[in-house]
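Colleague: Dropping the structure in here first, questions after.
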Amino acid sequence: MSTPTDSKAPLRQVKRVQFGILSPDEIRRMSVTEGGVQFAETMEGGRPKLGGLMDPRQGVIDRTSRCQTCAGNMTECPGHFGHIDLAKPVFHIGFITKTIKILRCVCFYCSKMLVSPHNPKIKEIVMKSRGQPRKRLAYVYDLCKGKTICEGGEDMDLTKENQQPDPNKKPGHGGCGHYQPSIRRTGLDLTAEWKHQNEDSQEKKIVVSAERVWEILKHITDEECFILGMDPKYARPDWMIVTVLPVPPLAVRPAVVMFGAAKNQDDLTHKLSDIIKANNELRKNEASGAAAHVIQENIKMLQFHVATLVDNDMPGMPRAMQKSGKPLKAIKARLKGKEGRIRGNLMGKRVDFSARTVITPDPNLRIDQVGVPRSIAQNLTFPELVTPFNIDRMQELVRRGNSQYPGAKYIVRDNGERIDLRFHPKSSDLHLQCGYKVERHLRDDDLVIFNRQPTLHKMSMMGHRVKVLPWSTFRMNLSCTSPYNADFDGDEMNLHVPQSMETRAEVENIHITPRQIITPQANKPVMGIVQDTLTAVRKMTKRDVFITREQVMNLLMFLPTWDAKMPQPCILKPRPLWTGKQIFSLIIPGNVNMIRTHSTHPDEEDEGPYKWISPGDTKVMVEHGELIMGILCKKSLGTSAGSLLHICFLELGHDIAGRFYGNIQTVINNWLLFEGHSIGIGDTIADPQTYNEIQQAIKKAKDDVINVIQKAHNMELEPTPGNTLRQTFENKVNRILNDARDKTGGSAKKSLTEYNNLKAMVVSGSKGSNINISQVIACVGQQNVEGKRIPYGFRKRTLPHFIKDDYGPESRGFVENSYLAGLTPSEFYFHAMGGREGLIDTAVKTAETGYIQRRLIKAMESVMVNYDGTVRNSVGQLIQLRYGEDGLCGELVEFQNMPTVKLSNKSFEKRFKFDWSNERLMKKVFTDDVIKEMTDSSEAIQELEAEWDRLVSDRDSLRQIFPNGESKVVLPCNLQRMIWNVQKIFHINKRLPTDLSPIRVIKGVKTLLERCVIVTGNDRISKQANENATLLFQCLIRSTLCTKYVSEEFRLSTEAFEWLVGEIETRFQQAQANPGEMVGALAAQSLGEPATQMTLNTFHFAGVSSKNVTLGVPRLKEIINISKKPKAPSLTVFLTGGAARDAEKAKNVLCRLEHTTLRKVTANTAIYYDPDPQRTVISEDQEFVNVYYEMPDFDPTRISPWLLRIELDRKRMTDKKLTMEQIAEKINVGFGEDLNCIFNDDNADKLVLRIRIMNNEENKFQDEDEAVDKMEDDMFLRCIEANMLSDMTLQGIEAIGKVYMHLPQTDSKKRIVITETGEFKAIGEWLLETDGTSMMKVLSERDVDPIRTSSNDICEIFQVLGIEAVRKSVEKEMNAVLQFYGLYVNYRHLALLCDVMTAKGHLMAITRHGINRQDTGALMRCSFEETVDVLMDAAAHAETDPMRGVSENIIMGQLPKMGTGCFDLLLDAEKCRFGIEIPNTLGNSMLGGAAMFIGGGSTPSMTPPMTPWANCNTPRYFSPPGHVSAMTPGGPSFSPSAASDASGMSPSWSPAHPGSSPSSPGPSMSPYFPASPSVSPSYSPTSPNYTASSPGGASPNYSPSSPNYSPTSPLYASPRYASTTPNFNPQSTGYSPSSSGYSPTSPVYSPTVQFQSSPSFAGSGSNIYSPGNAYSPSSSNYSPNSPSYSPTSPSYSPSSPSYSPTSPCYSPTSPSYSPTSPNYTPVTPSYSPTSPNYSASPQYSPASPAYSQTGVKYSPTSPTYSPPSPSYDGSPGSPQYTPGSPQYSPASPKYSPTSPLYSPSSPQHSPSNQYSPTGSTYSATSPRYSPNMSIYSPSSTKYSPTSPTYTPTARNYSPTSPMYSPTAPSHYSPTSPAYSPSSPTFEESED
């Protein structure tokens, strides 16, 4: 029973959180311990002591007692605070730094601010920092820091501010004029020190007690309090000193009771007892007047205990310990860190209604299912509200109780009482009433959330449907492993059961697995076909795979969408055989088109002569849902963009794509069962010749290595530039050995036959790669550690049994054996070394990337798309104007090609310019009418000209956007594929002329682009913004749908073009980002997830001389930390003019940049004693010395006898382009007259500099010092030598250590120019790359291109070029890191991160220094890092948290304003009046699941018609129509009531299991007859609700008079839907009873059934996915007596008006039944007896026996309904079947066994022989093809009955509809006014 305190009233939302400091008064008022806690003891005589630490007033101590304050027991009493009065104030350790800051801002003596509040600077500060008290204190502190004299005050003269006030003058001015001490903190003490200017006052230093500080702070006025960034109401400065200490309630510090032992008190209690002891000691001593130093000691002690209560890990402070010696856990430690209060208990908690167990695979589940063990299903519950519709079912579950499955655990009454069914309650308690809740067991098709940690991206939690299975593990489909990153080696996963209908609705419509197939991270699928299925698909689709009749029969049984027709076998004689491709074609749903290649496709084939026939069958082509050629593999069924699954998702919607996964697996796996695939040792053995080749290759590699070693020994090896000899040698050896591995691997792979199982797996892509093959068969290859060969471990060898200095391959880790042959011990050892490195790397990387991801998420968690389309953070600051700069979401965009960018002018003109003058061509392309229309009109030519001009200008702007000729763009609406689809749908014959006028095309494209808007609004800025957002899309549309292409290439007809344009618009609208989408979290996950795939350490490029680049995780860290000192800063310097092309000139620039010191060009230096300048001791220098000293220009006597002789390296000098003169010049400039420097000629043999010291004039006379001097001279020369070598810059920029010059390796670094002919040409020009950066200086050098030169040091770019440049730079650097690993992340995520980092105009690092310095709420900041500091800060400044972010709301347990929570719903009270009352008289009789449809909103799937979705803006929420329906823009198929497979039905009814649908657990249960006619009005056709609930999306029962279809309804506004449209006329075969689609005996074909009308199942290319097929009567497993025909099956739902038994028009007893009934008035044409639809068909004619009032129905002659039929319980008397029973009411033609039309098994057949006696097939003579259907007259070539697509075998293809969708055939009929060229739909928008 729940306690009475739990109120049912909803809690108010917390609007904001105010932080502050508890004032002493407040602590006392709050406290329940009068007089404070004074005793350190807890108990006294076995009872808790009053005034002790376990004071009974503070809370409950054990389970038996009650609280003395609130009289609650343990569960009710929250605990109450006490307090301790401290004898002396002490500092609060959390606020001590703040205290010092405040002290430094106010006068030590008079507490006035050191700067007058009236100072204009202060006023400016207050203005600037409004609402940001933290900043205010910082500004004021900076202002006051320098002041040493108190001069505050009101009437102070501001002019005197900077003058020293006269010390003799009386201190006035309101301040006190005292000198201010400087205040310092040491440990827990503050010291004040006066440094005095006046001579008379001595310096003094005193310790400032907390009491003194408290006095100072107490006197700060409220006004100044505010200026100092505090708050007089919530946080006064003096409250930062502790005078009264709150004692936390007992609930916060519970004692642990050990049985038999004493209570173990909590750490906080221990600490508090220390404080009380110290406090009492101090009191006692003070009272007894002890010595001052004793009292000081006591105060210190108290101070220490109070400090360690709060924070016990202060640096430089002893820890407070327990007796056992482990440090106490202070309050700070409780809050901070991952396990702390904030992150451990508030941000993340353990939850109820969850389960966790091991996962195992099950290929027979659909991807959106999860197998749940029965034991778990019996334990987890879902609270279901009892309604009149489910009360019987619930009663049954309650009766079964908890012990049996399915049952229930609890009943929750409407007053909140819980009845536990485990403890056999009284039977009277079990009675249910409407409004009770039953917590029932989990059962099939309940929605749950499935999750695997680590949850790295949103696809790690997805919605699934339960499938209860035996045994104890979760079962899941194999395709789901990739998004979860799961495998079945013991992984465990979690399952969460949502507890409300709203949550379930969200899971179903947003979260369910099929909707997550595509990841926004890289706009490609995350799930593909994997493992054995992939191997099997590749095996099965090979050319030589044939399947016998028996096997085909067997396989088709596993295909739920099979339509009971065997396809034509491809081989008839000697026996019928089908190919694997044929079987696969049956699985492919709908109208899907695709061209891809197989993994082994040779590229040269595309240009070669065989490009059409593909000799190896490697070109995959799927056309119209048929696999025409090609072998499928991972490329077409894997997770790549543009794979079959991706296309299927985009074209046919998530639901079909989801089923497609399952169907592939069931069929293919069952084929694999009799094909088989096993791999053994035999598959790894190659033939002897291959082994010889391998041996040869390895031998050759070893010889090569020996040669290289030889060369290196003899110094013949030329070091590559930039590398030492040793590096060059290592690189060479490594290259030789790696080539050897690859070569042997190649020959090994070649030796494997087509039938090799290992190869089969590699080729299909399911497991393994070529490296694996070569390592298993040929050789394992070189083992590396840290990117180098195995290093020497000890004494110059790797292992003890190799000789010293062995550089050969074996001893340095080359493994020449294969895994098959086995490794030698030393090889094994090296292999283990390499492997160990990999493991360590992975482990370290996981931690690193995990932290990176957490920081990214915390930085961007609350960034969301708002309703104005902008992207903002939680504080409402603008991050982006449109998400991703184009306002589109990442899932629905694809890679497309911009056709115009790369073309040369000539081919551009040839392909895009429409040449009207070429008459022969025109006659071939257009019909005569069009040509006539064109020649008559003058504007036509102008329009075409204008179009051409527009294309040219488009091309120019594209070339500006993509200056390097990049033509791949990411845009919605894949035009090539859509055009292909159109050609299929409308059967475009490319050889016939088209009736589409070019003017029509131009206008159509123009209106289309006017309607594809991202930024609405007509002002200039909005228009410009929209132009920017949609420019690429516009260019793509204009170039693809230019008149020339549309007419000549595609030959689209007028209606095909109209359809295409409408389709593009719809898709474009669908691709827009939804408001409420949390794009920040998405972006963070999309970047964090690829980071886990990067390697941690940086491999240096082997070989070429190039700078080392930091890559991978370390570089990523540098970028997002914005590190000031990157590991490898570097500039890429592009050159201009001659320097770019001429290597010599480029070298000049290089020399000007590279920093050169004297050391770099010096060969050797020496110091000589050479006393005679003229006759030198070095004979080779004699010559040039003579030249110099013949005519000395200085006093030779001053020269020192010591000589520094520097010999320079000629090669390096010329390399650096230096001359001797330059160097001497530099020396002279540096040392001036003090040195004498002479040098020889630049062309001499040796370049020599001779340097001597010049002694000063006066020195030469001091003889006695001379000896010393000599000594000094040579030492001095030494110093000078060292200084010159290292510090003297000869040339270059100091920061740039080395410059590499090379030609660009990649196109991106080449200069791209556009030639005269308009082609792109990449010119390789010299470029320089540097180690070290100094951008400012480099940019100012001549010959440097200032535009393209860039740095990889982000901070530097910011300083030099500003914020916009740095934003681009961050994006470029991130991209470079990702691309190095071949990862692709959609631009929008990178852009969002860059924008978050730069939005405020400075760089915000993604670290605590960036994220926590933002203006976000304190709660959000404290949930990231520095928890306690942030909270203390917030308290000191009295911040308020506005509760707008995600973290804040989660901490408070509220729904954050995001996703579906970022808007409110309004109730339309008007509509409620039309709601259907459920009369109480129904009692329990009205039960079927179908009856659920009566209450409009009773199931989530029915609400859509009332929501704005009807404007088709958010198509992602109504599934199957998702995209196919999209093909009928705005057509009825969009009716959201086709919302999902289950939609009209009760939420868990799944068409795939009619037997188990909850509404019909068995024929025995729940008869549906609302007994009283009083209900009938509820079904009147005008009720707005019934339309929504009619399961048949667009079946004729939508009477046009229903408000939903009224022409004013927004969706159907255009005249097409007026009741006169052919939609409802007899030609509309989709609805005519003769339509073959509706086999009357199959419930699924009844026009009411959801599926039939669900457009996505309608038009499917190979009879797939029309679920109806599964139930057709011919299919053996659905005999008419099977329960799926039971009248309770929802297909006969009474709510569907056409069968509604209770609706007066059908009740046989009701007088209104006469044909003259007013109900049949022409107002409701679809029911009017004159409606040809109903009258022409025999079963509706009033004469038809169906209308007879007698119960002919049950005539025993009708075999179908004979009473013994098992499905009717054999009891004709059973209430359901009384002739009065409404569902057999004669009105319902369905049940008239005598109607010749409707009983295929009945002996009579209608004379027209519409249904051939076999019942299931429909002969071509069926009226379906009768000529009276004007459109498809047999004369029409396109639709001749023989047209293969319409073979009667393809039953669900209603041939009348080009799209094949029975739902909206008239839509596509070319004669339909809806598509007439004047159709309003496409001229003016349907608002």
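Glycine too: its Cβ is placed from the backbone N, Cα and C atoms.
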Colleague: Need one residue: from C144, C176, the one Swiss-Prot lists with C107, C110, C150 for Zn(2+) 2.
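Modeller: Candidate listed by Swiss-Prot for the same site: C176.
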Colleague: If Swiss-Prot is the reference, give me the range from 825-837, 864-876, 981-993 marked as region 'Bridging helix'.
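Modeller: Comparing 825-837, 864-876, 981-993 with Swiss-Prot, region 'Bridging helix' matches 825-837.
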Colleague: State which of the following binding-site residues has the fewest other Cβ atoms within 10 Å around its Cβ: C67, C70, C77.
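Modeller: Least crowded of the binding-site residues C67, C70, C77, by Cβ count within 10 Å, is C70.
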Colleague: Can you tell me which of the binding-site residues C67, C70, C77, H80 is spatially closest to D487 (Mg(2+) 2 binding site)? Compare CA atoms only.
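Modeller: It is C77, whose Cα lies nearest.
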Colleague: In sequence order, what residues of the same chain, 6+ apart, have a Cβ less than 8 Å from the Cβ of D489 (Mg(2+) 2 binding site)?
Modeller: none
Colleague: Given the recorded Zn(2+) 1 site (C67, C70, C77, H80), which additional residues of the same chain have their Cβ within 8 Å of the Cβ centre, ordered by sequence?
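Modeller: Close Cβ neighbours, site residues excluded: R57, Q58, G59, V60, Q68, T69, A71, G72, E76, P78, G79.
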Colleague: Please report the number of other Cβ atoms within 10 Å of the Cβ of D487 (Mg(2+) 2 binding site).
Modeller: 10
Colleague: Sorted by position, what residues of the same chain at least six away from H80 (Zn(2+) 1 binding site) have a C-beta under 8 A from it?
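Modeller: Within the chain, H80 (Zn(2+) 1 binding site) has Cβ neighbours under 8 Å at S31, V32, R57, Q58, G59, C67, T69, C70, P249.
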Colleague: Give the three-state DSSP assignment (helix, strand or coil) for C70 (Zn(2+) 1 binding site).
Modeller: coil
Colleague: Which of the three DSSP states, helix, strand or coil, fits D489 (Mg(2+) 2 binding site)?
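Modeller: In the DSSP reduction, D489 (Mg(2+) 2 binding site) maps to coil.
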Colleague: Quick one: average pLDDT across the repeat '18' (1761-1767), no decimals.
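Modeller: Mean pLDDT, the repeat '18' (1761-1767): 39.
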